[in-house]
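Chemist: Here it is, the structure in full.
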Ligand SMILES: Nc1nc2c(ncn2[C@@H]2O[C@H](COP(=O)(O)OP(=O)(O)OP(=O)(O)O)[C@@H](O)[C@H]2O)c(=O)[nH]1
Ligand SMILES: [Mg+2]
């Protein structure tokens, strides 16, 4: 048996979660076009034959503006020290920035861990642009064991990633059962589904101000189970936006989330969503802990 942990790191919005899902062949992590979608470390597990790949998706590394952001960046940086190989994912349509250089600095601090640069979103690039991007990486970020080019969204070049990564797996134990594809508890997956629908349907500051908490689940022998979920926002105006005119937006969010949750659970459910205001929750550690962030802290 060969197995290994693979860090998926990079700036926000480059496609780390999209790539994780593609490689695991299951939807493990939520995806949106908003930077800061992933807030925690998420393991996506892919087992094939006697090889087990454990992809560790992480929040985008950025300059934190609040406690939640600090937690997110810390999680990603900590992950670098826990893996066999690091995939540094870059958005091929964007210039290499000081943000990328900061990520590289942190990667170099994980002394000696093999590193691979991944140029994502090549569906949006010409061949020349891809070649130039490779040069830019070498010039601005330095040496990598390898540079891989792919499109996570369209599955172009993603299969070869598994082949390359096979070389970094180490002889040893199987960490997870063969049929397990994530270490996320089911209640967390459900919260994330609700958050994804909100992220997709809102813009501006709303996505960052949203937190989800399952407050009650009523199980019934006859009839459907009932899930009651709080959506926290930071201001009254945000509450109004999420609810929408005559409750229209909240209803849409609820319907779409319910469908995904039903597919996940393999049964129909009732889903009740409540929108609550909790001022500056992203800066309040006790509340963040209640939501499951900072749980590894001593
Ligand atoms: N065109 C194109 N878009 C992509 C590709 N991969 C990802 N995207 C899009 O890029 C956006 C960000 O994708 P995510 O997977 O959420 O990015 P992330 O790096 O996990 O982002 P954070 O969790 O916020 O750090 C989404 O809108 C994706 O659909 C790709 O190969 N091509
Ligand atoms: Mg992500």
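From the backbone N, Cα and C atoms, a Cβ is placed for every residue, glycine too.
All annotation found in TrEMBL is predicted automatically rather than curated by experts.
Annotations per TrEMBL:
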type	residues	note
BINDING	10-17, 57-61, 120-123	GTP binding site
DOMAIN	2-171	domain 'Era-type G'
DOMAIN	202-279	domain 'KH type-2'
REGION	10-17	region 'G1'
REGION	36-40	region 'G2'
REGION	57-60	region 'G3'
REGION	120-123	region 'G4'
Chemist: In this structure, which of the binding-site residues 13, 58 has the fewest other Cβ atoms within 10 Å of its Cβ?
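Modeler: Relative to the other binding-site residues in 13, 58, 13 has the fewest Cβ atoms within 10 Å.
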Chemist: I need the most crowded of these binding-site residues: 61, 122. Count other C-beta atoms within 10 angstroms of each C-beta and give me the top one.
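Modeler: Checking each of 61, 122, the winner is 61.
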Chemist: Can you name the residues of this chain that are 6 or more positions from residue 10 (GTP binding site) yet have a C-beta less than 8 Å from its C-beta?
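Modeler: Non-local contacts for residue 10 (GTP binding site): 16, 60, 61, 88, 89, 90, 91, 100, 103.
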Chemist: May I have the DSSP-based helix, strand and coil counts for the residues of the region 'G4' (120-123)?
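Modeler: In the region 'G4' (120-123), the DSSP-based counts are 2 helix, 1 strand, 1 coil.
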Chemist: Note down the number of other Cβ atoms within 10 Å of the Cβ of residue 16 (GTP binding site), including every protein chain shown.
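Modeler: A 10 Å sphere around the Cβ of residue 16 (GTP binding site) contains 32 other Cβ atoms.
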Chemist: Is it possible to list how many residues within the domain 'KH type-2' (202-279) are helical, extended or coil according to DSSP?
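Modeler: Grouping H, G, I as helix and E, B as strand yields 33 helix, 26 strand, 19 coil.
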Chemist: Out of the binding-site residues I have (13, 16, 58, 61, 122), which ones have their Cβ sitting under 6 Å from ligand 2?
Modeler: 16
Chemist: Tell me which binding-site residues (13, 16, 58, 61, 122) have a Cβ under 6 A from ligand 1; sequence order is fine.
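Modeler: The qualifying binding-site residues are 13, 16.
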Chemist: Let me know the DSSP-derived helix, strand or coil state of residue 61 (GTP binding site), please.
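Modeler: Residue 61 (GTP binding site) sits in coil per DSSP, no helix or strand.
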Chemist: In three-state terms from DSSP, label residue 16 (GTP binding site) for me.
Modeler: helix
